[in-house]
Amino acid sequence: MCSLAKSPSSDTSTIVRRSANYDPPIWSFDFIQSLPCKYKGEPYTSRSNKLKEEVKKMLVGMENSLVQLELIDTLQRLGISYHFENEIISILKKYFTNISTNKNPKYDLYATALEFRLLREYGYAVPQEIFNDFKDETGKFKASIKNDDIKGVLALYEASFYVKNGENILEEARVFTTEYLKRYVMMIDQNMILNDNMAILVRHALEMPLHWRTIRAEAKWFIEEYEKTQDKNGTLLEFAKLDFNMLQSIFQEDLKHVSRWWEHSKLGKNKMVYARDRLVEAFLWQVGIRFEPQFSHFRRISARIYALITIIDDIYDVYGTLEELELFTKAVERWDVKTVDELPDYMKLPFFTLFNTVNEMAYDVLEEHNFVSVEYLKNSWAELCRCYLEEAKWFYSGYKPTLKKYIENASLSIGGQVIFVYAFFSLTKSITNEALESLQEGHYAACRQGSLMLRLADDLGTSSDELKRGDILKSVQCYMHETGVSEDEAREHIKFLISEIWKEMNDEDEYNSIFSKEFVQACKNLGRMSLFMYQHGDGHASQDSHSRKRISDLIINPIPL
């Protein structure tokens, strides 16, 4: 049993420490435990199953290819396509076969772009040259497209974000469509064009493309917009609303479980006054990474991991002295409970909680997979703490890294690798040595890309506040210091890097990988969640109106039926 006796190094009375002045959490334990979880069991399950069968018949019985593609798109945006994964794959396979054998009908731009996007999303290698039919003799996209086909331009815009490295046609399509859609919005603002449903979709797309959006947030937004349309399908709408609420009830049960663990750990209760108590926000990340009902265990485990990352990150970033941080890093590397007595008092509870949580998770993996994972789990934490320590040394020495040097360390210190190791064991049915070695050595591109996107999105949303707290330079400031550009120019460069990461992410085929499809999707969804959480600032630490709305929309408040 771990002793919590006072250690020789625990006298901190003369140490002047930084403080981030984090606000206490607005979501109390009692509030979380009072969530009703209303939409579960009968009669909701029976009604959901009935609606699901009706939608399935609708989907597979369609003969018009464009209408069928539009239905798949609508199912995706309503957040219910996961119920029809097998049917959608079977349908799209036929469309891809037609393209491969030159039997595809002659589509207009809208239908071509829609088909292209859906096929790319499901891993089909549709060539970008399919859009050459919409170019003129000079190789430019035809000017006539813009005159009367806003729907087609918007579809091409969304399709262009599935671009991979070297795909110049899709690059040109993105520039072409973005410029036109921005002019279209400007004309709406000047009352030159009707501000209708299409205008709403265009504004939404320019804010962030569909491919980059997180599924549950998009479902909530689209359900509300779809309900306003005149040609809405009542069966689809009812099923989408009911499914959203039933999933939300599962999320509430998951959150209650995690909240009880947090309460028992005593890491809340205002004991960690120097760190962020953001359990609900930590859980929200997991909803975005894997929302499907069968992944409750993943959400419950990963929320713990994210909450612990937040606490330990703040110890390194804000509160600890360099000597104390070196002690904590060594304790994690040694992974011996006896080392807790060498730590300052304020570090003992976080270390003890980490130690117990990791070992508990290793037991779960052993029970499910008959695989001893503790070395992989604790090594991921040791690497994370070493990266934290490196940044602490930069801070205390006043070192200003280049952007490249910063990214090499910061893409690891953001905690993505820890998250992915736990996701791997939680989401993988059959563990292979090849996949495990690739993950352990950091070779898997989707993990690196997801972590880097998380880091850069975090920096865009939080760097100003973190600098005020006395943190190290972030990517924006590193680039400014290195090149002499303005902050606005530096931020644009970081946004450009994010778009480049997406090209690499698009190269990762989740349907043909040494990793499970569920794990690959989790890697990509971490990138999506990072853009979602930091879109309006620090969506993890801040408890502003944007943050409260995100949590209320996705976890707290059901959609009226």
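Including glycine, each Cβ sits where the backbone N, Cα and C put it.
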From Arg260, Arg276, Arg491, the one annotated by Swiss-Prot with Asp313, Asp317, Arg455, Asp458 for (2E)-geranyl diphosphate: Arg276
Three-state secondary structure, Asp313 ((2E)-geranyl diphosphate binding site) (per DSSP): helix
Cα-Cα distance linking Thr462 (Mg(2+) 3 binding site) and Asp313 ((2E)-geranyl diphosphate binding site), given in Å to the nearest integer: 14
Fewest other C-beta atoms within 10 angstroms, as judged across Asp313, Asp317, Asp458, which are the binding-site residues: Asp313
Assigned conformation of Asp458 ((2E)-geranyl diphosphate binding site) - DSSP reduced to three states: helix
